[in-house]
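A short worksheet on the structure shown next.
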Amino acid sequence: MTPLERRYRQVLRLLPADHRARWADDMVDTFLLTRESTAREPDARVLDNAESDNPQPGDPESTNAGSDNALSDALSDALSDDEFDAEYGWPDWREVASVAGLAVRLRLGGAGAPARSVARGEVVRHVALAGLLVHAVASVVAVVSLVVAQARFPTYRVSDLDTVEVLVGLLWTVCYLTLLAGHRRAAGWLGVAALAPLVAMTVTDVVAGGLSVASAAGLVLSAALPVLALAAFHRDAPPVRARPWLVALPVGIVLVAAVAFATQTPGPVPLDWPGMLCVAVVVAGVGCLATGRVGPWTGALPVLAVAVLAERVLTLVDYARFTTAQDRPALLISLGVAQAAALLLVTAALTIRHRSAVAAGGW
Amino acid sequence: MTVSEQAFFVLTALVDEPRHGYGIVREVTDLSDGRVRLRVGTLYGVLDRLVTDGLAEHDREEIANGRLRRYYRLTDTGRQRLADEVDRQAANARVARDRLRSWHRAEGTA
């Protein structure tokens, strides 16, 4: 086995074991043959150039002699190129991407895939949809808050940077609606476009000293989670049932705006954004546990809970680090600890329920 | 259910004779005038689905350069499925062509 073959077989480890057992040898043979043929293609071009580089009009013999030499050089180069490639070559990124794409389609299955793979795919697709819904709701509420603030306090000037940040956030809403409309590839690009400024601004905050590296990493990872999960919307994935998700958007906007208005300081109970997310996941989790049914939500909620928990814990740490003893929002921190504990409990219960159902083959 | 473009070309590549993986890649490139270049991961995703659905099947094995080489052939179901797909695409193309002709005629007389 050449080093190139060994490297390609390592790439094939991305595939599920049963698929690998059936197809790996075939794939290796096809890969190596394709590789050998493409390795010779540039030499064909060299040969063409060698024939045309120094034409000798009226001297056919010298032309033939030149091309004969070029032919033998190119052939010997081709042989040594094959050996060199087998020793030092790596599978190119397009081949790796095609294997990675196949691995995603097989592991997060769609129509016609094994039941367990379809179930796993449904969980990840729910993570993507729910995560994008949260981003979409937050971005619309941010715009509404900005407009309301300007209307109520006309003398208050929002900086241009903040305005741009809020408006760019609407890309999440566009991404969400694009996915519901069935344009999966476009939704993927929009997700990346929405994530990029968030990453840039978070890094800027870290550099300016307004955010710890751990908090920044937590925020970026939780924002990136639904974008990564969009990979489950491959060409074999079933179409999204758009109606309930479309209804969820205005409902979520009204709920979040109402809760934000009711709980803003100096209101009775302070509830920050991670706190709202904790409450939402806990309520949804308790609802799932109460119905006793196991499905995509019992798998998706624990995944979402991990991202929310990271955001909750990291913001609590920042509250403790970046405030003085007098300014420290003691009630907010106490409530935050309680939210994290409740989230952990519900997540543990959901995970146990989901895993036991999957192990028993019930879902 | 429609057939993806890659599956369509893989089925077409297997019409005349059984082929191994690389043979299919090369044939599909030729059939599509270089427009469709199957990567190995893509090919074996398609081939796995075609074999599972009974549209293609294992034909024979050969040893070449010390490596196992498997050939695949089209089944009767696969041949029928391809014929149905060709009819469907031809009907679609006919409708679109008629529409375009009507439009050109209308533009010409306007």
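For all residues, glycine too, the Cβ spot is worked out from N, Cα and C.
Within the set A:163-182, A:303-322, the record from TrEMBL flags A:163-182 under the feature transmembrane segment.
Here the transmembrane segment (A:214-233) has long-range neighbours at 104, 108, 121, 124-125, 127-132, 134-135, 179, 184, 187-188, 191-192, 194-195, 198-199, 202-203, 205-206, 240, 303-304, 307-308, 310-311, 313-315, 317-318, meaning same-chain residues at least 6 beyond its ends whose C-beta is under 8 angstroms from one of its own.
Taking pairs at least six residues apart, the transmembrane segment (A:245-262) and the transmembrane segment (A:329-352) share fewer than three Cβ pairs below 8 Å and do not count as touching. Tertiary proximity for the transmembrane segment (A:127-151) is limited to same-chain residues at least six positions away from its ends with a CB under 8 Å from its CB atoms, namely 158, 162-163, 166-167, 169-173, 175-177, 179, 191, 194, 223, 225-227, 229-230, 232-233, 240, 245, 248-249, 252-253, 256-257, 260, 273, 277, 300, 303-304, 307.
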